[in-house]
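S.K.: Supplied in structure tokens, the structure appears directly below.
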């Protein structure tokens with residue numbers, strides 16, 4: 001038979017024949033023989049290698065044998081490089097064609113070629129003798145792989161063992177102990193088993209939010225099947241998870257995807273109920289593989305699902321179920337819904353306790369029970385956009401990974417010594433070049449110090465290595481215990497009770513004793529205070545990871561921070577002058593929050609700041625942001641003058657569907673989603689349209705708002721500050737007259753009620769009235785402003801000295817009770833900053849000078865005083 005017609009062969013078989021030419025040319029052979037074809041088949045992973053592997057043959061050994069055989073054949077060098085079909089290959093192809101007819105196939109496939117080799121009188125005979133391969137064995141393997149399928153197209157290899165290619169056997173993974181234990185979820189698993197036991201429409205679909213444990217329910221069912229903890233109708237069944245991505249990937253031509261899916265479904269139906277399919281993200285089935293004029297996967301599944309021929313478990317989220325499956329009513333009625341709710345905090349703690357051992361073995365650290373409780377409780381409170389138990393498991397996992405990283409990194413004490421040694425060695429090199437007596441004495445002292453440090457370094461290094469080795473040994477023992485427990489379970493399943501008892505009371509007991517000894521030794525090192533490494537995850541680690549994720553300071557208060565919090569009002573007073581009531585109210589709110597006593601279902605605090613312009617309303621918000629986040633930029637500032645139209649509310653929470661900017665989200669909601677812990681300043685609220693405040697009712701009361709895309713944005717860790725100038729004329733009327741304070745307060749409150757609705761005002765924690773500023777307070781503000789100017793001057797190596805008269809002069813011309821401190825800022829800019837700038841440009845001041853400012857003839861005068869250069873100490 002001449003292999004000139006590719007239409008007689010499948011794609012893979014023809015590719016192998018084409019490669020045969022290259023193999024022969026590389027070996028400098030003029031005739032293509034059967035050995036060249038065999039080597040070409042070995043070089044391409046696929047069906048040929050799979051058949052030979054199942055026959056117990058190693059690909060590497062086969063390749064070596066074939067290459068040695070080819071190397072022994074006579075070579076032809078020079079002349080024409082064309083190759084001809086050899087007699088052995090011609091006969092082999094004829095034999096393959098005969099096998100094709102025997103099998104009832106339409107094309108010569110790879111399996112026909114492989115099956116022909118034992119009948120090859122040239123290379124095949126030697127191969128059979130060397131590796132004990134016979135035709136009968138190969139035929140059985142091919143029948144097993146092909147099942148009842150015939151070669152009816154040119155790509156049949158893609159349809160063989162389709163489930164093995166495109167699925168994962170969950171029951172096999174459960175048998176090998178590869179699945180995590182599933183704790184709880186008994187009701188959902190029971191309902192799934194109940195639906196699977198039906199005669200028709202026996203297809204449960206698990207519906208729930210992402211991360212609540214839908215896939216875990218399928219894994220739990222696989223574990224129950226292995227343990228025999230299922231009804232008779234599910235005994236010895238195989239649960240296979242279908243990988244839709246692998247099924248679609250690489251399907252280049254129309255109809256190729258459908259062929260693959262049909263092959264999978266055929267294997268499932270041929271198993272006569274033994275195989276149960278699990279399709280994670282089942283919504284991907286709807287529309288999968290659909291191109292013009294071809295069917296999608298959902299339509300291929302429908303007939304089998306309805307008749308009960310195919311038992312399938314699906315899993316998808318609520319949104320995707322609504323979006324894809326509910327639209328297809330015919331597909332929806334074939335599935336029975338099983339709702340999977342988010343577990344409670346208590347259930348999550350139980351789940352974490354069940355998984356704890358797996359994570360301890362993986363990371364090689366211990367996880368305290370307090371850490372598990374903290375992960376469940378804190379993730380519920382602070383991570384609102386994800387679901388339990390997923391977010392709590394992630395916290396424990398990342399905390400353990402972080403601690404493992406610390407164990408393998410160099411301890412701080414050792415790192416410090418290493419740096420010091422490096423520094424001293426550099427100093428020693430420098431001193432060795434000096435010959436004077438002082439340098440020689442210093443060198444001797446340095447040598448002694450270096451020797452002591454190196455000794456300490458050796459001691460600490462060996463201690464660190466020893467501790468690291470103990471922790472690694474503990475991990476190895478835990479892994480061994482894990483393996484022994486798995487063997488015990490397998491022995492109990494097989495009713496091999498002698499083996500189970502031998503392992504449980506022999507090997508397992510010995511390993512447990514060994515583990516207890518090692519952990520006891522490590523605990524003694526820790527309690528003695530000599531330990532360099534920490535190997536237990538605590539609640540502090542969990543809190544630190546939450547802080548990293550969200551920016552919310554959840555970690556326990558250390559002594560220095562407690563002191564800082566107690567002095568918070570004093571710190572704020574240094575920046576905001578003359579507003580004791582406002583500063584105290586804000587400081588109290590922060591102290592309540594950090595002590596953990598604020599209401600977890602509302603924002604940390606919400607204030608309305610009322611007062612005339614320039615008295616420190618916005619400045620207090622900036623000071624607070626600077627204290628909490630070390631930068632004023634962390635404040636989310638919303639200028640309400642931009643929200644004067646009714647429709648502008650969409651800018652806060654996002655444009656509704658169908659409008660331009662829908663995908664961008666809202667200015668407020670997106671900022672808070674990215675930074676859940678922040679100070680939000682709504683400046684000049686009286687300028688905004690009244691309807692804008694309807695959005696704020698939920699924020700102030702429940703600490704949450706739903707944006708235009710239906711996502712709940714959490715405001716529970718924010719401080720809301722709203723500023724307004726309403727009633728400022730009444731505040732100015734009583735400036736400095738404390739006896740009329742109550743009268744002024746009631747008039748300001750009336751003005752506020754006239755402008756805002758009661759349901760809005762009633763939700764704000766506190767309305768604070770800022771007083772107009774007095775002259776003596778302006779003096780303090782001048783000093784603050786001058787301090788900032790001094791910081792800017794220090795960049796030019798200049799310092800500033802102001803006489804008391806100069807400060808009084810600035811206050812006098814900058815004082816205006818109506819406009820507050822802002823005119824003062826302009827006066828400093830005009831009278832002081834501009835004059836200094838001009839003097840610098842004229843060259844009046846040089847580096848290191850002190851600028852002395854005094855008053856003469858009702859104007860500021862400047863004098864340069866040279867600062868003496870510092871004499872270095874010998």
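Cβ coordinates come from backbone N, Cα and C, glycine included.
Take a look at what Swiss-Prot says about it:
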DOMAIN    6-148  domain 'Clp R'
REGION    9-73  region 'Repeat 1'
REGION    85-148  region 'Repeat 2'
REGION    161-342  region 'NBD1'
BINDING   208, 209, 210, 211, 212, 213, 214, 215  ATP 1 binding site
REGION    343-551  region 'Linker'
COILED    393-527  coiled coil
REGION    561-772  region 'NBD2'
BINDING   611, 612, 613, 614, 615, 616, 617, 618  ATP 2 binding site
REGION    773-874  region 'C-terminal'
S.K.: Of all the binding-site residues given, namely 612, 613, 614, 617, which is spatially nearest to residue 212 (ATP 1 binding site) at the Cα level?
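M.R.: When the Cα distances are compared, 617 comes out closest.
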S.K.: Per residue, counting other C-beta atoms within 10 angstroms of the C-beta, which of the binding-site residues 210, 211, 213, 616 reaches the highest number?
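M.R.: Its Cβ has the most other Cβ atoms within 10 Å: 213.
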S.K.: In DSSP terms, helix, strand or coil for residue 612 (ATP 2 binding site)?
M.R.: coil
S.K.: Find the one among the binding-site residues 209, 213, 214, 215 whose C-alpha lies closest to that of residue 614 (ATP 2 binding site).
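M.R.: Comparing Cα positions, the closest of these binding-site residues turns out to be 209.
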S.K.: Out of 612, 615, 616, which of these binding-site residues is nearest residue 214 (ATP 1 binding site) by C-alpha distance?
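M.R.: Of the binding-site residues 612, 615, 616, 616 has its Cα closest to that of residue 214 (ATP 1 binding site).
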S.K.: Does DSSP put residue 209 (ATP 1 binding site) in a helix, in a strand, or in coil?
M.R.: coil
S.K.: Quick check on the region 'Repeat 2' (85-148): DSSP residue counts for helix, strand, coil, in that order please.
M.R.: 48 helix, 2 strand, 14 coil
S.K.: For the region 'C-terminal' (773-874), how many residues does DSSP put in helix, in strand and in coil?
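M.R.: Taking the region 'C-terminal' (773-874) as a whole: 52 helix, 20 strand, 30 coil.
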S.K.: Would you pick out, from the binding-site residues 212, 615, the residue whose Cβ has the largest number of other Cβ atoms within 10 Å?
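M.R.: Its Cβ has the most other Cβ atoms within 10 Å: 615.
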S.K.: What are the helix, strand and coil residue counts for the region 'Repeat 1' (9-73) according to DSSP?
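M.R.: Taking the region 'Repeat 1' (9-73) as a whole: 48 helix, 3 strand, 14 coil.
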S.K.: Secondary structure at residue 214 (ATP 1 binding site) (DSSP, helix/strand/coil)?
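M.R.: Where residue 214 (ATP 1 binding site) sits, the three-state DSSP reduction gives helix.
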S.K.: Give me the non-local Cβ neighbours of residue 215 (ATP 1 binding site): same chain, 6+ apart in sequence, Cβ-Cβ under 8 Å, ordered along the sequence.
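M.R.: For residue 215 (ATP 1 binding site), the qualifying residues are 280, 315.
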S.K.: Between residue 612 (ATP 2 binding site) and residue 209 (ATP 1 binding site), find the distance joining the two CA atoms and give it rounded to the nearest Å.
M.R.: 50
S.K.: Over all shown protein chains, what is the count of other CB atoms within 10 A of the CB belonging to residue 209 (ATP 1 binding site)?
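M.R.: Step by step: centre on the Cβ of residue 209 (ATP 1 binding site), count other Cβ atoms within 10 Å, giving 17.
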S.K.: Out of 214, 617, give me whichever of these binding-site residues has the highest number of other Cβ atoms within 10 Å.
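M.R.: Top count of Cβ atoms within 10 Å goes to 617.
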S.K.: What is the one among the binding-site residues 208, 611, 612, 614 whose Cβ has the most other Cβ atoms less than or equal to 10 Å away?
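M.R.: The most densely surrounded of these binding-site residues is 611.
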